[in-house]
Every structure is written in structure tokens, then in C-alpha cells.
Amino acid sequence: MLNNFLNLELLNISLSYPFLFLITTAIVLLLCSGFWKFHRSFYIGISSLSLIVSAFLILNNANAQGLEAKAFLATLNNDIVSFYASLVILCFSFLYLLMQKEENQGEFYALFLFMIASLLLMVSSSNLVLIFIGLESSSLALYTLIAMRGSDNAISSAIKYFSIAAVGAGFFVMAVAFIYLKTGTLDLSANLALKNEFQKDPMLLGAGVMIFVLCAIKLSLAPFHFWLKDVYYAAHTNLVAFISVVPKVAMLVVVIRLFDFLNNTGFEYIIIVLAIFSMLIGAFAALSQNNIKKMFAYSSVVHSSLVLIACIPLLKEQNFDGILLAIFGYWTLFAFANYAVFMILSNYENNSYESLNGLLVKKPLIAFCLSISVLSLAGIPPFGVFWGKFMILNTVILNGYWYLALFVALSSVIMLYAYLKILIHVLFMKNDRVYNIKFSFIQNFILAFCVCVSIFAILLML
């Protein structure tokens, strides 16, 4: 074992370069910020460049070693799941950095890079210990970022998020202990040969349920979503856009690996009930909100539930590549529309619906961008999220879960009323206030790009 560990060829250290580079950059930024003060553009430039280099290293590894490479005694995987997830994480982290307007603290960007490195570690491993290390490292950094930016309630909301997630982490650790007790291994991919034992042993199935509790908390699935509304309301608006997309990508990878591990065990019935319950609770709760950010908090519950539904066929060993395309396709299209909405909302201190009154008259171009993005999130054709939802429905129906499509349609109709409330205020309500909406050239470009993706997403289907 020791000889294997010292064998550099088996270690394959190059697979760890993407997140090691981010960690090194974060340490340098942290040291620099302790001795010198730099402008925000310096921190954004260095952080953005490090993300680009990390993406290049991932692409280089995929080109040189393919998508079956392993490292550190097969605890790190360069498979198709980690490849796509890593690129999505880096892409939307890069966009988030370019959306920054005010943050000048070097510690903020150092913590941000530490978090992204932890997320990359998390999606690149099927080893439960490394997944837990990546999860907790990224979560601790995220709690701090929430507390550093936002309203006066940001600290209390971060503590609430931390407290609820700590309970989920306890379930995860106990589940890991149960799995190791029964199988003698901590690798999810190694356990795939033990499906028959899973069917017979309630302890192992219970361990899978306990792991999923933490996944549900991080994906903000009902009834594990109680932290979400407070965080959305208190955190800085641009950070909310990031929270709603990037950390959930890493958690989706854990769900994909877990479901691939638990297939043919009867676990699917638990997930089906939870997904339907979560989707409907989120949709009905969104209708009753008077604050836009809180409405989008419950909207994200619905979107997370939809992606969970796309994962369900994995529990029956169905077409893996097709399911993966539906999951990442939907989430990417959702992310672009979501970023556009929150970029516009970041200009408002008051996120009530009334604050959007008269936007069409005063800022018609901004009103157009907001309307297109909201229609996309609502799943109205021919805009982006509609095609993502189409891929999910196609996947679940082809795999025999046609009844889930009915609940998806019901939740979509309910959410349509919540989204239309925004459009009514933007397009038809009058207001004499002066809108002070300012974007830099880069931010204007990001907004235009996100809206164009929503408009021309149909081209991706060809």
C-alpha cells in the first residue's frame, strides 16, 4: 500500500492541479491583502485569471488522459460528471466575479477561491471522506461570505444556515460510518457491486437516506429549505445569484453518484414523494410572498426539485448520458436567466414588487432584459428554461415516470402566476421615481449575454 502511495504514476497529481492552483492563488491574495491595499479590479482580475487557468488545466487533463482517469489511489475521478460540473462551476463563478460592484476586501476573494477549490474537489471525488471535506470546506467559506456581504441580518442568516447544515453534516458522518461498517470501503463507485446487499440490509439503505438529508438541505428541497428565505433576503443580491446556482451544482454531482450507487434498491419511491412535495410546497409558498427575493427563494426550491426529478431514472440504471444532458442542460439555462434577474435586482435596495413600477417607461431596455429572463424562468417557450424543462420531461416520460410530468406541469402553472406578478409591475404599473441603474461595460455585456442565451437557447437543441 505504501509503495502504491509513493508511486507518482498511480498518484497522478496532475488531476489535482485545478484546485491546487486556486488554493495557491487564494493564499497569495490573503497574504497580499494583509500587507497592502489594492483596488477591487486587482482582486477581480487575479481571481478571474485563476479561474480561467483552472478551467484550462481541466481541459488539458481531459485531452491528455481522457475522461476515465483516476488519481490518488482512485479517490479522485476525471469522469464525464466531474468534467461538466467543474466547467459549469468555473463558468458561473467567473461571471459572478465580473458582476462585482463594491467589494474591495482581499479576504473576500481569497475565501471565494478557497470555496471554488473545495467545490472542485467535491465533484471530482467518489470517496465519501473527500466529498465531506470538500463540502464542509466550501460551506464554511460560503457562510463567511454571506456574513461579510448583505444587510444587517446577514450574520444571523449565515448562522441559521450553518446550524441547519451542521445537522445534515451529522447525518452524513453517521451514514459514512454505517457504510464503512458494512462494506469496508468509503468509495461510492467501489460499492456499485454491492447492490444485492443494499436490497437486503436496511442499515445501508438508511445510510443512503441520511446522506440524502444533507443533499436536500444543500439543494434547498422542502422540508429542508427553512434557511433559504432568510439567506436570500439578507445576503447581497449578486451573492444570492451565485448561491442559487454554483454550490448546488456540486451537490447535484453528489446526488448523481449517490443515485447511481443506490439503483434498484427501492430508494426511488422516497425520492419521488420528496420531489413532488418539495415542488408543490415551493410553488404555493412563492405565491404568498410580497418580496421579490423571497419569492425567488421559493422559486429555487421548485427548480431544485425539477432537477431532482431528472435524477430519479438513475435509480433504475437508465440512459446515463441522456439523463446527464438533461440535468446540466436545464441547470445551465436556469443559471443564465437567474443571473440576469439578480444583476438587475442588485440595483434596488428595496426588493418589493412596487419598486419595479414604471420600469418599462423609465428604463425600457432593462425592462426588456428582466421580462425575457423572468419569462425564461417561468418556462415560457421559446425561452431558455423551457427547453431545459422539455429535456427533463422527455427524460422522465421515456423512462416510465409519466405521472411526474403532471406534477411538473402543475407546479409550472402555479409558478407562472408568481412570475407574472413581476411582469405586471414592470410593464403596466406607473411610477414617477427616478431609476438609478448603472452597469459597467462588462456588466452590460454579461447581462446581454445571459439574455441572449435565454432567447436563442433553441439553437442549442439543433
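Keep in mind that glycine also has a Cβ here, set from the backbone N, Cα and C atoms.
The annotation transmembrane segment is assigned in Swiss-Prot to 15-35 (among others) on the grounds of sequence analysis.
Per Swiss-Prot, the feature transmembrane segment maps to 42-62 (among others); the stated evidence is sequence analysis.
Swiss-Prot lists 80-100 (among others) with the feature transmembrane segment.
Taken from Swiss-Prot, the feature transmembrane segment applies to 113-133 (among others).
For 161-181 (among others), the entry in Swiss-Prot reads transmembrane segment.
Remote same-chain residues near the transmembrane segment (204-224) are listed as 135, 139, 164-165, 167-169, 171-172, 174-176, 178-179, 182-183, 194, 197-198, 247-248, 251-252, 254-255, 258, 261-262, 265-267, 270-271, 274-275, 277-278, 281-282, 297, 300-301, 304-305, 307-308 (criterion: CB distance under 8 Å, separation of at least six residues from the stretch ends). Look at Swiss-Prot and you will find 204-224 (among others) tagged as transmembrane segment, backed by sequence analysis.
Here Swiss-Prot flags 239-259 (among others) as transmembrane segment, drawing on sequence analysis.
What Swiss-Prot lists as transmembrane segment is 295-315 (among others), and the listing cites sequence analysis. Away from its own ends, the transmembrane segment (295-315) comes close to residues 219-222, 225, 228-229, 231-233, 240, 244, 248, 252, 255-256, 259-260, 262-265, 267-268, 271-272, 274-276, 278-279, 281-283, 285-286, 289, 323, 326-327, 330-331, 334, 338, 341-342, 377, 389, 391-392, 395-396, 399, 401, 404, 408, 411, 415, 418-419, 421-422 of its chain (Cβ-Cβ under 8 Å, at least six residues beyond either end).
Among residues of the same chain six or more beyond the transmembrane segment (323-343), those with a C-beta under 8 A of the stretch's C-beta atoms are 80-81, 84-85, 88, 92, 95-96, 99, 237-238, 240-241, 244-245, 248-249, 252, 256, 296, 303, 306-307, 310-311, 313-314, 369-370, 372-374, 376-377, 383-385, 387-389, 391-392, 394-395, 439, 443, 446-447, 449-451, 453-454, 457, 460. Per Swiss-Prot, transmembrane segment is recorded for 323-343 (among others).
The transmembrane segment annotation in Swiss-Prot covers 366-386 (among others).
Positions annotated as transmembrane segment by Swiss-Prot: 396-416 (among others).
The feature transmembrane segment is assigned by Swiss-Prot to 441-461 (among others), with sequence analysis given as support.
Panel annotation: around the transmembrane segment (239-259), residues 81-82, 85, 88-89, 92-93, 96, 99, 116, 119, 122-123, 126, 131, 134-135, 138-139, 142, 145-146, 149-150, 188-189, 208, 211-212, 215, 218-220, 231-232, 267, 271, 293, 296, 300, 304, 307-308, 311-312, 314-315, 324, 327, 331, 334-335, 338-339, 341-343 of the same chain, lying at least six beyond its termini, place a Cβ under 8 Å from a Cβ of the stretch. For the transmembrane segment (15-35), the residues of the chain that approach it from at least six positions outside its boundaries are 43, 46-47, 50-51, 53-55, 57-58, 61, 65, 69-72, 76, 78, 86, 105-107, 109-114, 116-118, 120-121, 124, judged by C-beta separation under 8 angstroms. Ranking 42-62, 113-133, 366-386, 396-416 by CB pairs under 8 A with the transmembrane segment (161-181) puts 113-133 at the top. Between the transmembrane segment (113-133) and the stretches 42-62, 366-386, 396-416, it is 42-62 that has the most C-beta pairs under 8 angstroms. By the Cβ criterion (distance under 8 Å, sequence gap of 6 or more), the transmembrane segment (366-386) is counted as touching the transmembrane segment (396-416), at least 3 such pairs being found.
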